[in-house]
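Notes to accompany the following structure.
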Amino acid sequence: MLLPVGRPCAEAFARPLGPLLRASAPSRTAPARAPRQAPWARLQAAPCARLLCLLVLWSAALGLGRSFLFTSSLVSRLMLGVFGLIFASLARQADGLMGVHGISPLRRTKFFGRPGRLAKICSLVALAGACLPCGRWGGGFAAVALLALSQVYRVFLKAEFLRFQWDTLAVEAGFWAALAALPPVIGAASASARICGALCMHSLQQLGFKLMWGSCLCKLMSGCPEWSSGRAMQHHHRTTCLPKPMARRLHLLSVRSLRISAIQGLMTLWVEGPLSLLALLGWPFGRAVCAVLWCGLMLGIAVSGNYGFFNILTCVIALALLDDTQLGQATATPLWQFGMMDVPLLTLTAGAWLLYTAATWAALFEICGAQAPSWCASAERWLKHRRLANRYGLFARMTTTRDEVVIRELHELPEELGEQAARDGLARKEGKKFWVELALPYKPGPLNRKPPSLWTHMPRLDWQLWFVSLAWARGQKPAWFRRFLKLLRDRQPEVVALVEHKAQHPVQSYVLRRAPERVRVTLEDYEYSNTSESGEWECGRWWCRRSSPNMPREDPWNIFERMLR
């Protein structure tokens, strides 16, 4: 969802905001001017990468002079809470997604038992650990629990449905949260505990900066025309994968005024880009402002779209920018004495920090389009193999259409139920039978249904169906989707549970207990209800839809439909 190289965007950074928002397309009668280099073009160079690396070291040096012990304990407990939410969400859908009879079975499923049961156990362990007091025993349990949960999650990441960037972000943050839980084990008054806490929080600060800076640069360099025209946020609110009710209001607001859309886009870019440098300046007030800005950005994203735990996870990472004093905790003068556990813990934390900092340097060089030093690249490869160092670049390009996969099944229905479903727009009569549309729990489907609001749950199947529509428009046919249709046709209980929901229409409750005679899959273009006036649109209270222009002439699912017969 975010930016390209284009003249209007260049003017966004080079001129005040007012003239930018009043700017329009250049006059045809105006004399031709030599193309101006975009202001951010200098960011794509090795000197910029070297400057960022120096800022990383500068922030680390200044951070060692402040106490982050309370912050470390708080972040570790909050990360346990985040893992509790992640596994609680997975427990509801893991068997259908990656169980033995699921859509994308894991190879090691038999070793771990039912994934849903394992995810539920992990959720209970994580939530129990989050409630433990800060102390030696609580810190030790939190560290062991976070390492174990991260390992289980790494296994789950091999499934088709857990390959989003925020999944790897959770594993990477979980490792440093585990190390951050250890300083209380050796005593809060120890100087080595203070150093370990500062290094762990600095690593999370690097992670947050890497996420934001990479997301900003990939938008600036993507060449997406929607960002250069200032209309990116119009499309974002309209095409977000799983929208919330507020998304329609924000979309209509940005449609009425291009200025509002441009302001939203500029705020996103400034928070992710230049203002994120406050995280590396070592200035306490600047770090606090940066944390507030990151959390504000996550709140803005969460208002219009359902992104599961991503927003909460990023806010926890932003909390690492605050030291103990800023959180209202007085810091005592550390004692320069070493116990039996001080040296091993300090050696482990310092070594991990050095390795991770080298990997961050390699990522920053790559983001800036420069070649990283070989030793940095080697450190990044070693950590990346263990999912402990990743590069991030969220929403580089803006999707301008909402194509939704719609599944319909042919059933013989009781007359009254069929007529009710037809009146509600969920069935179409064909002879004595009905084509019944299956409405997934969280995706746009029924035209009169209000989009649901989720804050922590991540519906993996609903999310992946968005990418199925993008792949289908390019002529690609994901193998897992064919397996999903087959298991759904066979009414596999674990897969049916992914489709049914409490608020579903009575006709869907009826048909999900019976195998269909035929299955039809189409690609349909969706818009918000009051943005389309053409007669080709079928409209309801919330949505309008029509056959998608991206629908292939030869339906690639016809072969599968014949296989179902």
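Keep in mind that glycine also has a Cβ here, set from the backbone N, Cα and C atoms.
As recorded in TrEMBL:
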- 51-72: transmembrane segment (TRANSMEM)
- 78-100: transmembrane segment (TRANSMEM)
- 121-153: transmembrane segment (TRANSMEM)
- 163-327: domain 'Lipase maturation factor 1/2 N-terminal' (DOMAIN)
- 173-193: transmembrane segment (TRANSMEM)
- 266-285: transmembrane segment (TRANSMEM)
- 291-322: transmembrane segment (TRANSMEM)
- 343-364: transmembrane segment (TRANSMEM)
- 388-547: domain 'Lipase maturation factor 1/2 C-terminal' (DOMAIN)
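Sequence-distant contacts of the transmembrane segment (51-72) (same chain, at least 6 residues past either end, Cβ-Cβ under 8 Å): 134, 180-181, 183-184, 188, 193-202, 205-206, 213, 277, 279-282, 284, 319-320, 322-325, 327, 329, 331, 353, 357, 360-361, 364-365, 368. Away from its own ends, the transmembrane segment (173-193) comes close to residues 69, 72-73, 75-76, 79-80, 83, 134-136, 138-140, 142-144, 146-147, 149-150, 153, 200-201, 203-204, 207, 313, 316-317, 332, 334-339, 341-343, 345-346, 348-349, 352, 356, 388 of its chain (Cβ-Cβ under 8 Å, at least six residues beyond either end).
The stretch from 121-153, 266-285, 343-364 with the most CB pairs below 8 A to the transmembrane segment (78-100) is 121-153.
Sequence-distant contacts of the transmembrane segment (291-322), counting only residues of its own chain at least 6 positions beyond either end whose CB sits under 8 Å from a CB of the stretch, comprise 68, 71, 74-75, 78-79, 82, 85-86, 89, 166, 169-170, 173, 201, 204-205, 207-208, 211-212, 236-237, 240-244, 246-247, 250, 264, 268, 271-272, 275-276, 278-279, 442, 452-459. Beyond the ends of the transmembrane segment (121-153), by six or more residues, the same chain brings 70, 73-74, 76-81, 83-88, 91, 112, 167, 170-171, 174-175, 177-179, 181-185, 187 to within a C-beta distance below 8 angstroms of the stretch.
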